[in-house]
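TrEMBL has this to say about the protein:
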type     : residues : note
TRANSMEM : 35-57    : transmembrane segment
TRANSMEM : 64-85    : transmembrane segment
TRANSMEM : 91-112   : transmembrane segment
TRANSMEM : 133-153  : transmembrane segment
TRANSMEM : 173-189  : transmembrane segment
TRANSMEM : 196-214  : transmembrane segment
TRANSMEM : 333-350  : transmembrane segment
TRANSMEM : 362-388  : transmembrane segment
TRANSMEM : 431-450  : transmembrane segment
TRANSMEM : 483-504  : transmembrane segment
TRANSMEM : 511-532  : transmembrane segment
TRANSMEM : 574-593  : transmembrane segment
Amino acid sequence: MFEVFAIRKGVAVAVLGLLIAWCLSMPVPFLGQAAFLVYLYLVGKAATRVLVILFNFSYSRRTFVLGLFIIFVTLGSWLCVALLVGKLTPLMYALVFLINGCAWFWLDYYAVRRSPPRLEEADAFVTQEPKSFWIFAGVFVYAVLFIVGLILLYQTRSEGSLTSPWQTIHPHYLYIFIAATIVLGWLSLTSLSTRSVVVLFIAHTFLLHSYLPLSHSLFYGADGWRHLANVQTIIAEEPLVEAALSEAPGTGAYFGILPYGQMWGLMALLTRLFGVSPVVIIKWFVPVIWSLIFPLLIVELAKLFSLGKRGTFYLLWTTLFPFALQAAGSFTLPVSFGLPIWLFLTILVLKRIDKPRQSQMTALAVLGFLSIFGYSLYAVLFWLGWFVAELIYWPRERGWQAVVIVFSGIVGMLSIPALELIAGYSTFKPIAWFGVLKEIVGNFSGWYVAMGPRTFDTIIGNILINQVPSAAYVPNVFTAHLWWLPIVAIVFFGLAIWGTWYALSRRQMTIVWFGVMSFALTGGYLISRYLLAGEQLFSRRLDPVLAIIYCVVIVFVLRYLDRSITNQPIVAKLLPVFLIFDALVIGALYTLGPDTGVVSTADAQAMEYVWQHDKNQPRHCVIADTYPLLALEAISHKQIIGGGFPINEYFAQPELQAIWRKANGTLSASDLQAAFLATGANNCWIVKNGTILNKTDKN
């Protein structure tokens, strides 16, 4: 009977996939959207059963939402596979929907066959809502602050060129955010149910990450334009291409589909299916998904460690501090989208070693295979984390277990640097040990920024504190003086070190795993970032991963201290003080970043003009700054990359930069001749500050 039922569901998924594909090619959006939602529901129920039966998730709405998330992720992985094969045509979409649905129905069938039936389990976090006037009043106050915060962000949005969102955000928004954080903390410590607390944290996470998409009409960051260009190319069903290299102008094969195709495919699908502008999608894709999924994953982690309501609050609260997490959830980038995916897969691995079953291996292997078609760093971390988990789980004798833990930590620590060296992303360099030690202390303690922001951008060690450069520094009442930053950093990283040691000394393997990974990834990060040179493609993206791991091990210590001193009267009296102090620190750290540029509306319009008047030319030459040229790449659907100038293996444009540095004055005939020679174009545009300064013909 089950086989017949599974076949029927497979047929239903095939019909839905064909219907969605037909709607993508025909102007019937509502039918396609309805079919997509039905598809998510059917396949999401199968994924939910897999999570419940194989990985001991509870039967709850939270698990169903996580089931929807994981099928959405695997759908993106199959879209990446399709992009590697060819274009995303409507027929290819139908095939992807069919494969993804059948894969989950097979896992559902496999889970039911290989596992005994489970009685429905109530969620331990669900409790009856209290009937208290003050709690209802607190929820109302938070709702008002939440709405006012969003309104302030929207009303002060800019269209200009900025180096920080805080250059345009209304000053009162910070006070609204801090007040909302204090109210949220107070509500979390009342008798309000955990479910309601989680809903409030989801809302607060959305408010936290909305400061980028709401504060500008376009979007922050350079990479977003490259991704937008590729999404528009996919939507137009055109071949994906990459820039020419300086060593071979006019040539160059595209090699970036594998780590980025998952997000590109999903964004292209949502754009075509819902008829939303790609700019809107790229502004909100990660902030919305992160705000909904990340708090649910944190709650699932807390449940895994049996932290209870108070421990769950500690873990959710602690994740508000690190700048790396504040920024990661605000940018629509593959590295940001991949982080909750990695955390989800990590939870599955931890649930395996918590209650191991042989049938879990198949599901993890399938998901691990599909992770290869996502952001590469997280595929590496998943397989490394699974390897460490299996390694530390099996030894039964305490002595052997200690040996295995040490071995796992060393292997994990060397994995990322070794992989970067093998792939050519890192190289050996001479080491000045005193200088390295000084840099580590200065970066992680916040000392450099506390002594006054530097004139240049510091990209290492921005885990808790963003080391904002002077050009992007916007002081406020909390950051006008930054002497307190090292104190906060010492407390945070001191607790993280204590938490790592505490985790390594436990008998519960899920806790030990976090201790091993904290030691291993911290060591690998320090080796790659401070002892090696090069692009360091993996280690430079580890900041948010380390932030999550540090938050978890810190909460282990907080729970230990909580059990030790919670009955002391002084603790209850000081808790509101700590709550307010924490909220002030969270708000202050929030305003120190990110330091990233944004294309002005005038620049985008100028590049639109250039494209409309130059798109019929076989080759192009546009002399402008980096950000406007990235906008041109998106506007032209990657027909003009880097202004038509070649890009070297380090993604630099030495020919263009040499000419652009002179563009403030008057370009000589030899400069223009060099531009024509580098690009092979017949005319050259010069664009600055949203204004087209000149158009010069070759002859």
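Quick reminder: no glycine exception, Cβ is built from N, Cα and C everywhere.
Sequence-remote contacts of a segment are chain residues at least 6 beyond its ends whose Cβ falls under 8 Å from one of its Cβ atoms, and for the transmembrane segment (196-214) they are 62, 125, 129, 139, 142, 146, 149-150, 153-154, 157, 165, 169, 173, 177, 180-181, 184, 187-188, 220, 283-284, 287-288, 290-292, 294-296, 299, 309, 312-313, 316, 320, 326, 329-331, 590, 594. Scored on C-beta pairs under 8 angstroms, the neighbour of the transmembrane segment (431-450) with the top count among 91-112, 133-153, 173-189, 362-388, 511-532 is 511-532. Outside the transmembrane segment (333-350), and at least 6 residues removed from its termini, the chain residues within Cβ reach (under 8 Å) are 55, 66, 69-70, 73, 221, 223-224, 227, 259-260, 262-263, 285-286, 289-290, 293-294, 297, 300-301, 304, 360, 363-364, 367-368, 371, 374-375, 377-378, 381-382, 385-386, 389, 510, 513, 541, 544-545, 548. Two recorded stretches are said to be in contact when at least 3 C-beta pairs lie under 8 angstroms, sequence spacing 6 or more; the transmembrane segment (511-532) and the transmembrane segment (35-57) fall short of this definition.
Contacts between the transmembrane segment (173-189) and the transmembrane segment (35-57): absent, as fewer than 3 C-beta pairs lie under 8 angstroms at sequence separation of six or more. Counting Cβ pairs under 8 Å to the transmembrane segment (362-388), the stretch among 35-57, 91-112, 483-504 with the most such contacts is 91-112.
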